[in-house]
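Chemist: Got a structure for you, questions after.
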Amino acid sequence: MTTISAATLPPHLGFLAGGGEATQLILARDWTDHPLGPPERWPAPFKTALSLLLNSPESMILCWGAEELFFFFNETYFPLLGPRLSWAMGSRMDQVWADAWDQAKPIIDDAFAGRSQRFTDLPWKLATDRGAADTWWSFSYSRVLGETGDIVGLFIFTNETTKRVLADRALADSQEELRALNEDLERQVAQRTAERDRMWSVSPDLMVLVSHDGHWSAVNPAWTSILGYEAHELIGLHATALVHAADIAASSGALATAQAGTLPTFENRIRHKDGSYRWMQWVAAPTEDGVFAIGRHITDAKEAEEQLRLATEQLNQAQKMEAIGQLTGGVAHDFNNLLTIIRGSVELLRRDTLTPEKRSRYIEAIADTAERAAKLTGQLLAFARRQALTPELLDVGVAVGSIVEMVQTLVGSRVSLRFRPPAECCLAEVDRSQLETAVVNLAINGRDAMQGKGELTIAVAPADRIPSLRGHHGINGDFLVISVSDTGSGIAAADLPHIFEPFFTTKDVGKGTGLGLSQVIGFAKQSGGDVDVDSESGRGATFSLYLPRILDRDTPGDNDDDAEAPDGGGSSVLLVEDNEDVGRFAKTALDELGYRSVLVGNATAALALLDEDASRFDVVFSDVVMPGMNGVDLAATIRARHPALRVILTSGYSHVLAENAQHGFELLHKPYSVEQLSRALRKAIGWLPGRRRHP
């Protein structure tokens, strides 16, 4: 507030001193044509009243005039005027407060008539500096007398009480809301209590209160309808008193969890009064008095679940039978072709007139055809995930590069094959044979898509993630990717979701079994990877086989087992094979390789010989699938009884090996060649360099 002193004013205007900006408004107005005239001619009572007004710290106005009321105010009153401030000083009262004059005039008339009043929290609808608003005021009046004793003006002391009124109203509203809330809460508590009591009585689920010491303190009537007990038979029993012995540990743990403040859900079996058991599914929550638990009877659901499991097994068996039927139709043609070559070659070999050159050619044809049959069987087993993988640490770039020449032969001379090796070593622990088969299948798939003519590119490279595939999220990590790209016709969008399904093929009947890509994805999944395909109809396709990459391992070197090995040198082999034909062949092969062999038909006979004298044998060579004890269990027993004796297992089909790898035993897949058998035996016996040789 800026104060104007008398020294700064002319003598005749000294009564305006101390008014600050209010004085400035008076001085700024042109009073020439105003009914009051210029300030120097104003009557003394008016000057005195105006001086009191301007110097008062309270919010005040001065109404002056008998017939026309003129409006004056001090600086403290400014905020109440809003947009009127610039012109209100000295203006007529009815003009300044035109929006409230119907309220103000009767009050002012009473004051001039000598009837003084005081108003508290009087509501006024005013246009203030905050805009049009509902406001509340407290007013008091003091009359100003003229020189003759007449009332010539009014002091009006104003105090806006809007904030207090609103605060009082808010407080009253909140108190009313609180009262209503309390009433509502009381009503809800009463309602919930009634509902709880009603639920406790009529609920089809078991309800129980468990005290802090773990004993039942209250049970609802459902215990009688579900389990046959009356309440008095249960109160005081421990919470696990009727629980099946196999479920006590889990039930006690759930009770402890609830007592600790968490809400557990669990299942257990409760003994019925007749001695049988009922399955219950529980949810428990802590309370002030212990634990409150609700149990739902789920015996019927459990039985339905078991029936569903059995039905699912039957469905799986039916699907397996259907797959076998598809296999018969889709693969029989390929096998008949292979058998035709073998049978014809055997018949030709029986002719005495064959030249050595032709004899060698037919023998080679039989060997090649047998290898093709073995690969087809291997694809079937890989698809079924019943073929045990024998993973080894491989440099995948080197491994894939080593079969490029063979792949070129398979795809034909009209296909331009390019191989792009990785710029760095890409190690993976995978089955070499299955890796090669997967690459070959992808290459043949590309060749057929190009109808035997085009460009085929095989590349190996490191990767840092497997992308999102078939609805699964992507996986970040260390991977390598083998990509096979062709320039063929591409894959139709409608076929893309089905290409990895077994027996799915777009080739003509007799041109393929539909197992190639299913072998690829089966191998990838078993090895911890996946397969992606990028293709559009008309622009070729790229298949990407992702495998987990191994870092910080020594690069595998040449395998000493690949070197030519000497004959068996009289080493002794215990041969365990239940199939007589296979047993005779294996024994003959062992004899030809220079081993001494003893053939038995089952695990029991093998263990009997070993218990007599295990030192007479250097290695045990056993089939896996046999009547009685299987080969895996036999090998485990030998390991326990004769830990120094090595075991080689062989199988063409074994769910035991597929599900449990090979339990640390060397595995030779059927069909195996004599050379593969020799290599496996050398590897096993080579682990015991100090073992004696039998004469």
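Cβ atoms here come from the backbone N, Cα and C positions, even for glycine.
Not my notes, these are from TrEMBL:
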type: COILED; residues: 164-198; note: coiled coil
type: DOMAIN; residues: 192-236; note: domain 'PAS'
type: COILED; residues: 294-321; note: coiled coil
type: DOMAIN; residues: 330-551; note: domain 'Histidine kinase'
type: DOMAIN; residues: 572-685; note: domain 'Response regulatory'
type: MOD_RES; residues: Asp623; note: 4-aspartylphosphate
Chemist: Using DSSP, what is the helix/strand/coil residue split across the domain 'PAS' (192-236)?
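Modeler: Secondary-structure composition of the domain 'PAS' (192-236): 21 helix, 11 strand, 13 coil.
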Chemist: May I ask which residues of the same chain, at least 6 positions away in sequence, place their Cβ under 8 angstroms from the Cβ of Asp623 (4-aspartylphosphate)?
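Modeler: Listed in sequence order: Val576, Glu577, Asp578, Asn579, Val582, Gly631, Leu649, Thr650, Ser651.
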Chemist: Need one number: mean pLDDT over the domain 'Histidine kinase' (330-551).
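Modeler: Per the prediction, mean pLDDT sits at 81 for the domain 'Histidine kinase' (330-551).
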Chemist: Hey, does DSSP put Asp623 (4-aspartylphosphate) in a helix, a strand, or just coil?
Modeler: strand
